[in-house]
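Report on the structure given below.
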Amino acid sequence: MAGAAPEGSQFDARQFDTKMNELLSADGQDFFTSYDEVYDSFDAMGLQENLLRGIYAYGFEKPSAIQQRGIVPFCKGLDVIQQAQSGTGKTATFCSGILQQLAYELLECQALVLAPTRELAQQIEKVMRALGDYLGVKVTACVGGTSVREDQRILSSGVHVVVGTPGRVFDMLRRQSLRPDHIKMFVLDEADEMLSRGFKDQIYDIFQLLPPKIQVGVFSATMPPEALEITRKFMNKPVRILVKRDELTLEGIKQFYVNVDKEEWKLETLCDLYETLAITQSVIFVNTRRKVDWLTDKMRSRDHTVSATHGDMDQNTRDIIMREFRSGSSRVLITTDLLARGIDVQQVSLVINFDLPTQPENYLHRIGRSGRFGRKGVAINFVTKDDERMLSDIQRFYNVVIEELPANVADLL
């Protein structure tokens, strides 16, 4: 389960700039390595032929902005801090960097990737396996909620890459089922979430068990001050690839709000929307597991076909629900922030924040589902009186204006 952010850690632009200035001040001026090369095609990156085959077979034609700048320094063994929003090809960036450097004849774990949720870890495992299809990569996901014995069996048979959540990975290292001797690459994905209070200590514990000379990659959609601070602890002159704060919201996603006078009127507002819009697929976010169940029951009682998933469900049930949603047999998914970072569905055209997120950072992970790789999408936020402060925080955080939902919203989908 993703850890909660530290008390009082809401993003503050001045705090961010102060921390960045500290890192770039006289004491920190040598902290970063500059790397300015941009590669307009995958062919120009000097990648192995069989890795290129995997990249093209996966459906990539041209590298995204983060891939143009991020794959090659990682392939060269440099430590990297990369900030890019959801849906920009961030996962494929570090997967390509890892796959390029593996010694495939050595069937030992050489790369360890940590992610904050099971769903995201499994998503990364799929991308790694697909891109490395022609290289013969052996990759496994070690995540909570699955059989420890099965993980131990797979690890003892030999793998090149382990992707996992911090708790299970630390457990495997502690039991010596995962041997760290040959690990030469360590990646933290969604570091903003991982380095919040819930996982910070576990990451330190894992890092202590890894070889001293190791390449570290930190990948994140947002870069709160604590994420920048912690990079000092275990990175060596990293290449820094940051997008400006005001570029963080995905282009192509239209964002609106609907004023709802009372919390209990949100349901009527939602049903009205579904009666007026032709929706391919949509995700509805609420803030608690109990509310997922409540809203699912209410929608079904009004003859809306919906699926629901949250952290109280066992892993097998969640996998089945996500498979149905990906295949399109289920068109509406109700969920919580916990799963926001593991949903990768190309057809999602609409995200509804039935509840606004409790932290501005999570807004990006939610609406980033609705327009991946330039696809158009719409995000609609339900806003009560109590939410007005958070709405203005979100607008300030991402430097965007979220407008009131127009009458012709159907034309936008």
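Each residue, glycine too, has its Cβ placed from N, Cα and C.
The model shown is predicted, which means the values in this text are computed figures rather than measured ones.
Taken from Swiss-Prot, the feature ATP binding site covers Ala84, Gln85, Ser86, Gly87, Thr88, Gly89, Lys90, Thr91, and the record attributes it to sequence analysis. Swiss-Prot lists 71-241 with the feature domain 'Helicase ATP-binding'. Marked as domain 'Helicase C-terminal' by Swiss-Prot: 252-413. According to Swiss-Prot, the motif 'Q motif' annotation covers 40-68. As annotated by Swiss-Prot, motif 'DEAD box' applies to 189-192.
Other C-beta atoms found within 10 angstroms of the C-beta of Gly89 (ATP binding site) number 21, with every protein chain shown included.
With DSSP states grouped into helix (H, G, I), strand (E, B) and coil, the motif 'Q motif' (40-68) comes out at 18 helix, 0 strand, 11 coil.
Within the chain, the motif 'Q motif' (40-68) has long-range Cβ neighbours (under 8 A, six or more residues past its boundaries) at 75, 82, 84, 88-90, 92-93, 96, 99-100, 127, 130-135, 241, 243, 373. Note on the motif 'DEAD box' (189-192): DSSP counts are 2 helix, 1 strand, 1 coil. Counting every protein chain shown, 22 other Cβ atoms lie within 10 Å of the Cβ of Lys90 (ATP binding site). Counting every protein chain shown, the number of other Cβ atoms lying within 10 Å of the Cβ of Thr91 (ATP binding site) is 23.
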